[in-house]
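> So that we are looking at the same thing, I have put the structure below in structure tokens.
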């Protein structure tokens, strides 16, 4: 049924995308600064992400396989949303570890119960986020009857939710933290939990299509797909794109924080607002228009050419970051997010849907997500953290030996 050329049948999936990313935007981009405030070093935070992203390699394709095989998309989808809404606020309740020197040493960090509590909650909620991402993409493509050109027009509502709520959360955190030495992220946790719970209600009323084809030969069909050389090249490119996105997703706000600390201390009072505005520009200045136009662009250029264009723009984006000193100047650079992340993401989703055999849609989407947001990011953090590996092992050995001696 259409009213004023609006397809009302697609309103629930649009509402879900908006609410799901509205729920995650006050937390996910700020995790690095939350960890920093607790005294955890960038290498320790990188270790958490490395473990998390290694789990992604298993979680995403496994989610697709399980929900394809046992036709349980709706149940798993609802559980992932509800549990994330209940778990996320517990991050606020975890006390921060303290050190006389400010930043904790690796030995102090890994010997702290608070750290392991913090790491466990972060990893669990991010796994739930991954499960939701894989399933929502598959569900949306099924609702659209495989019309990948329309996918971007639904997904742009997720960008809108992320952009609006990241700005609202950033401003609310700055306001609530006025006069404090550190940012208090309570408003972000409240916005996140509320959005998750509303989204749960929306999805309860969403018709979730299950796998319609046979499920007995899923692995066999996927093996056939992977024997295609073009598909393997596509997955390699997705892995490289994931490495580029890792810098931006997990260290961008930390980088902006460092720019303010080193070059422009006067910006510290508005740091969360700058971070929120950058995410808003990411979405409304970049992702929304490219999500809307992506179907037409990919139809004209092809999937592989779209990846090449986005990679060239990633190079330009990183070059501009490297010469910026004032945090405010990152804002216009974020306009490139649409042609970097937005174009490559939609190209990956639509190509995955194109090559997926009947009954294997979720599994193939999981493979793309594994490459783009799993293997690529994990490889990056492996390279970044390799210089800390021997030191971390030494510290862990020291803690274990110390505890063994105490028990004698």
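Here the Cβ of each residue, glycine as well, is placed from N, Cα and C on the backbone.
Keep in mind that TrEMBL annotations are predicted by a computer and have not been checked by a curator.
In case it's useful when we look at the structure, here is the feature table from TrEMBL:
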{"type": "DOMAIN", "residues": "12-377", "note": "domain 'Major facilitator superfamily associated'"}
{"type": "TRANSMEM", "residues": "44-63", "note": "transmembrane segment"}
{"type": "TRANSMEM", "residues": "75-95", "note": "transmembrane segment"}
{"type": "TRANSMEM", "residues": "115-135", "note": "transmembrane segment"}
{"type": "TRANSMEM", "residues": "156-176", "note": "transmembrane segment"}
{"type": "TRANSMEM", "residues": "229-253", "note": "transmembrane segment"}
{"type": "TRANSMEM", "residues": "273-293", "note": "transmembrane segment"}
{"type": "TRANSMEM", "residues": "305-324", "note": "transmembrane segment"}
{"type": "TRANSMEM", "residues": "336-353", "note": "transmembrane segment"}
{"type": "TRANSMEM", "residues": "365-384", "note": "transmembrane segment"}
> Does the transmembrane segment (115-135) come near the transmembrane segment (156-176), with 3+ Cβ pairs under 8 Å (pairs 6 or more apart)?
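Output no: the transmembrane segment (115-135) is apart from the transmembrane segment (156-176).
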> Using a Cβ cut-off under 8 Å, which residues of the same chain at least 6 positions beyond either end of the transmembrane segment (229-253) come close to it?
28-33, 42, 45, 49, 275, 278, 303-304, 307, 310-311, 314, 317-318, 330, 337, 340-341, 344, 348, 351, 355, 367-368, 371-377, 379-381
> Within the domain 'Major facilitator superfamily associated' (12-377) only, compute the mean pLDDT.
87
